[in-house]
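Asker: Okay, here's the structure, questions in a sec.
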């Protein structure tokens, strides 16, 4: 009985999460936040140095393109051009392979 109740609660939470995560999110002034699309090829190749270029489409200005970067791990900056050595994981990145071979 307890197991079936837990299964029902878990299923309910999963469905709720899926429904909520697929809903559009409103910004501070009530406008919808932009959707992400892949960058056009002419921007994708040079806009982000160490990351992925995304094309943002603002719903209040659909004709105006915005380009942004989603940086790879350990990189920061507007164009992912700065190595983030302040990230503690940066110094641990090589240790996992060393420890597993011992």
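Using N, Cα and C of the backbone, Cβ positions are placed for all residues, glycine too.
Annotations for this protein, taken from Swiss-Prot, read as follows:
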SIGNAL    1-30  signal peptide
DISULFID  39-53  disulfide bond
DOMAIN    43-81  domain 'EGF-like'
DISULFID  48-69  disulfide bond
DISULFID  71-80  disulfide bond
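Structural setting of the listed features?
Answerer: The number of other Cβ atoms within 10 Å of the Cβ belonging to residue 39 (disulfide bond), over all protein chains shown, comes to 21.
When averaged over the domain 'EGF-like' (43-81), pLDDT in the model lands at 83.
Classification of residue 48 (disulfide bond) by DSSP places it in coil, neither helical nor stranded.
DSSP assigns residue 80 (disulfide bond) to coil, not to a helix or a strand. With a 10 A radius on its CB, residue 80 (disulfide bond) counts 21 other CB atoms from all the protein chains.
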Asker: Out of the disulfide-bonded residues listed (39, 48, 69), which are within 10 Å of residue 80 (disulfide bond), Cα to Cα?
Answerer: 48, 69
Asker: Report, in whole Å, the straight Cα-to-Cα distance of residue 69 (disulfide bond) from residue 39 (disulfide bond).
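Answerer: Residue 69 (disulfide bond) has its Cα 10 Å from the Cα of residue 39 (disulfide bond).
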